[in-house]
């Protein structure tokens, strides 16, 4: 099958078309020309530019650009040859088009295409500047050419001539040959200025300027005078302003004391931009005092205004003032003055510029003389010079430099952009060769630069200056020069105005032609381009459509929008200053983007019977139709279901099921069709409500124009007949109902298939109208008369209702309702008085009212109406009808409502209220109700002025410099007062200010002085207040330091300076130390410098420490001077010997030398303090300290420390023992023989008396006993054996460790039978524990002697548990492992037949009791880890041999088996397991009756390593983790570092998780480089640990810190790891730890603490590492500012003084910079800075801070709300029942909050009560009041309250009574209900 896609109707493409055409225009030779056009087309057209039919190749000066659909041709630096016809051709495969434009190149301003003869205006002859005398005529002439003929306009100083002069004063005209003139008749001095002639031709303009000078006006007469007073301080400027109006413009003359004021250095005369005439006196001197008069005159008359100027000098004056100086150019000028005191600092100024010492300005101070020398004076040095004392007086002088230039240029000139800048210079004589320059570049005459010379006067005028012309303007002649700084202030530039006449044409299908016109003032603010925006009707967002700088025409195609929709458009103009507001094109347009083929149809090849699928994709969503061989296929499947058509967004598809062979070669075609669309219809047109009988027209707009529609009514087709017709006209579809009736109401729908729009039509009957009635007839009747009320309706069948006084009437005998056709009647056959009232006939949409005559029921006419001024006046009357109109008159004239007169109406009650009556309100007031009136005669008298309150009774004793405020409050705010002092009226000035706020008057002395003492009187005419003021001498205050007690730590020998600053510079002070007045000495100086008082100690010592007090007359400040000695250092030895060795007995001396001779030291040995005495000697000699040990001993060995607190030195003493030798050992008898029972003495002499020896016999050491004595006597050592026996024979060894000797002793003699020694027969009973050992001993009288031991039951024989011992005469029985059976008495006996010697031969000893021992484990079981197949022995030890135990495994008792053996060996118990396997693993326990022990047996297989170690490289400070995977799980693994076993600790963490073993080395250091080994029971794995040096980075950096003086501040950083080293610096200087700076390290934190901050500590601090740095600023705050607490609307001032002048500072409030404004004033004068906040509000509360360089100080501003006062209280009120009552009062503040109370119960707004707050008025309205509402009502303003009484009277007509029967009262009073 073949496929083809075609475009149906609109198609998929389009030929090129011009949306905007290139413009024909003219450019100057050498400029750039740009031709632009806007072209649309699809496909995108190719563009070709031609000139005079020759194609243009883009190269050289020709450039072609394309941005979107805008195409440009740029011709650079055009020449006349480039003139010609340029053609732009656009072509694509659909079509082509072209457009042409002409380019003209000539030497002229660019102009729009027009008449080829058009020429811009050019001045052939410019007007000339001139100077004339007063009264002469002036004529400016010029010649202008241009085509068309230019129109000329003349201006003076930027103003039209008609605004300045009367028409008879000037004439403008034209003469032949293009000559134009301006003529001024009888020139006057105000006529002087810059005249500009503007020539305009079409849109082109040219201008020329000239200057006119008129000689000054001679003095004239004086007719009127207005005199004022003005005071100024010496050295300040005085500015006089005079505003004069008149035509012609008046001439202004200034005079002082009758003499004309000549403009000069200090006198400036000019007119400002606001029209004020200004006289400015600069740097006023006392001689400037006088009467200044401004005279204004013109032809209509003359007026005067006078000002008395007073110049006040400062109290501190110069002894000798500066004198004016006149020098010749290039000479030196010397100014000299004398100050009152030598130490007063001064500063020199040239006008407002402070001078600094330099080669040009030489400043000298010699005593009280102050001298300024100006070297090589030039013209610019001519001016006013000032010498100023700090915060005191000034001295002023003028320096005149005489040279060629007599009148120099001003130092600076400020003009607005677009104004004229005029400069004037006068020379000594007429000269040639002058030169004007700007920024060094010579100026030449041009249309905007006027250069003119009139003899000695030379002018420069810059016309309409721009910002680029700002700079230094200089005038030079010969070697003289003067210059001025020209400053041009920017004028706000405005964006272009909004375009006008926006129209949209939709004649072309799927396109919108948009046209507009530029704004009328396009020549003032020309736009550079236009921006077009579009908006979908259903959306709210505007989207940029295109930008064009072409003419006011653009066409928007459907191809340019993204989707099909209804669009609106708007356009705005744009230039570099902004964009105009948009103007919207009326209406909307439906645009459909042209559909293009994105993917076309493709031929399909299928088998017979298979499905064939065709699809295509378009660029837009449109409908279409499929054709097969020209036959259209339906949207739904065919009858046989073979064709399936689908459409999804932009994709269309056709499916042919079961293609047949006969269809082979068939052609499938898709044709797009447009979608019918209905334009949106406004809701007001869709909802139609129409009276019956009128036609109804419903219409809508569809596209395309031929789209068919259907009209439906309530869902059914509309039947067409004579009444309903359907119309179609272009895109409009209409439905017309010619005469609609109620049956035509319904919902009408226009259905276009794809879209539909519905209209809701409602047809209503016409309303009923009352055609006529007897409403206007009088309805006053007598009783019993017949009353007929009638009206005629527009429809006879319309229903009506009758009402009387708001209630529907009831028909009866006394009231009849009648109806005849459209006429309705109400008849009262026999009227009665109770029938009086208002009757209403209501016909639904119309009504008539029948009212009785209006009567005034009651009023306060008879009340007295005499009032005082300011009182509230209320005149009221109550009418018989609530809606009756009334008129109020005063003295026959109708009153006018305003603030002073209010008319109120509440139901039938009318009131005239005078809120604040004035005397002029006196008169007769009339309330006219038509048929009735009341008259009120009102008298308002002026009240006497009373002084309501004052501070007269307050004490008025003040100190000098204090602020004095005298005030009184008058009863009237406008009452005049006069202030007197000592009987004379006070004079207002800087030292005395009079203030007035409403009724309150104040006299303020801002800075009271003793001479202000006296009696002040405030006279208000009828009353006065007297104040007795006393001003004492100023208190001598200590301004600095602010603290009254300071601690001042200093080091010895340092300079100490104590300083105070006084409030009174010449006040005396006294200095005290520890209560005694100090005198000057060589080391202590008392200095005075101005207000500074200083005490200086040149070299401080400890004796200078103490409390110093500086005492003035009124205050004192103390300084606690703490003098610390310099740190004591040990100078020698710098490095003590490591060890001082000495022998015992030698003399040892330890010595050191100190840095200070009187410094104490402390000697210590091994931490114990040493004192002189004994074997130690402590010596002091000057700076030397010594420790002497005369005879060293071994115990003197150790570490000795000499400590000075600040320093220490350590000595180590080692005293070695000497060799102990036995003297004359060869001469000693070593073989000794003695008889039995003789004493044996062995004796040796040692080499040292302190030597020790040990004696041994036959290898056993001998002890000192009763038988053996060891004796020492000096160097002699003896061994004495008393009563030697044969047992004492043997070898005796004497050992000294270094030497020894052996004695061989033999003893011979008889044998004797032994006997027990007397006194040793009984021994105490012995108690032992079971299982323990017992030793029983007896001593016999001689040795050897046999003994026999008897036990409790039988003789004792030696055995396993029994041992018999003999040591000389001592016989012992040792019983081991005793048991209970061993208890009893044991006896030691001599053998039978042996007579005892000296007493009994036996000794009895008792083993009284053997305590049973609990079976406890001495050693428990231990956990075991074994490999499979090994033998395991689990063993434990009991406390005794006898004890039964039980073995258990996992809680089950074990029995012996072939692999399990249980053994008992003495106290040991063991379990032997052979060939263990995994099943043997578990918990084993051994239990006795009294104890238990546990152990775990682990059986594991052969270890295997699955995951070996890997080498690691980490950064310094990081953790390194080595992991090793070993199986099985129970393998024991050990870690090693460099072959050494790892002992787990905080840094070395050994962990195990299952098979994974790990070793973590925390915070690796460079020294941790090592080989790591893991040993798993013989399996070894090794790896290498490498540590790289880590970068030291700052994790937390420094932050700027602000702290107060004398505080400590801490700067803190955090580094990346703990071992990091950092360095602290201030301003690049490394800081060292000491008393001022403390450096600390804690983990990764590094801190710098700065102690006791002072201003010198402020600056930039930096912390550095090798790889990073951080810095911050430290600001030191002083308590310069004080907290301020005040009320809103008041003024708060913050003031401080810096140590240096000229330091810039910034004021902030809550961190936001404060800028000067109407309520905020910032000033800086010298060292003083101040911030003044006026008209404070509650929101102004916050922190006010001042920052200058690194200095910062702050204070708190607290603004409190003003107390709310009730200005106008509540008044008692009486109202009628069922009416509303209004209670009103006035509070002092509009934001004041109030509460309302009834009695003590608070009232809240609701149905009953209405609470209103309007401005300062607070109102409570009580609705439908009744007797129960009578009570006291209070308005509570928290700070004030007001209470009034509400009374309720009677009830109105028709009201129900509160109680009792109803009665009626007739007449003029109320209808009342009486009980």
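Positions of Cβ are set from backbone N, Cα and C atoms, glycine also.
The domain 'Ig-like' annotation in TrEMBL covers 16-104 (among others).
Residues annotated as domain 'Ig-like' in TrEMBL: 120-208 (among others). Each residue of the domain 'Ig-like' (120-208) gets a DSSP state, and the totals for helix, strand and coil are 10 helix, 53 strand, 26 coil.
According to TrEMBL, the domain 'Ig-like' annotation covers 316-400 (among others).
Positions annotated as domain 'Ig-like' by TrEMBL: 674-764 (among others).
When pLDDT values are averaged over the domain 'Ig-like' (766-843), the model yields 86. The domain 'Ig-like' annotation in TrEMBL covers 766-843 (among others).
Taken from TrEMBL, the feature domain 'Ig-like' applies to 852-939 (among others).
What TrEMBL lists as domain 'Ig-like' is 1034-1124 (among others).
As annotated by TrEMBL, domain 'Ig-like' applies to 1234-1294 (among others).
The domain 'Ig-like' annotation in TrEMBL covers 1318-1388 (among others).
Residues in the domain 'Ig-like' (1395-1498) partition by DSSP class (helix H, G, I; strand E, B; coil) as 3 helix, 56 strand, 45 coil. What TrEMBL lists as domain 'Ig-like' is 1395-1498 (among others).
Under the heading domain 'Ig-like', TrEMBL lists 1503-1675 (among others).
Annotation source TrEMBL lists domain 'Ig-like' at 1763-1837 (among others).
According to TrEMBL, the feature region 'Disordered' maps to 1855-1875.
Using a cut-off of 8 Å between Cβ atoms, the domain 'Ig-like' (1034-1124) and the domain 'Ig-like' (316-400) share at least three residue pairs, counting only pairs 6 or more apart in sequence. Sorting the domain 'Ig-like' (1763-1837) by DSSP state (H, G, I as helix; E, B as strand; all else coil) yields 3 helix, 39 strand, 33 coil. Using the rule of three or more Cβ pairs under 8 Å, pairs at least 6 apart in sequence, the domain 'Ig-like' (1763-1837) is in contact with the domain 'Ig-like' (852-939).
Across the domain 'Ig-like' (852-939), the DSSP tally of helix, strand and coil residues reads 3 helix, 44 strand, 41 coil. Secondary structure counts, DSSP: the domain 'Ig-like' (316-400) has 3 helix, 44 strand, 38 coil.
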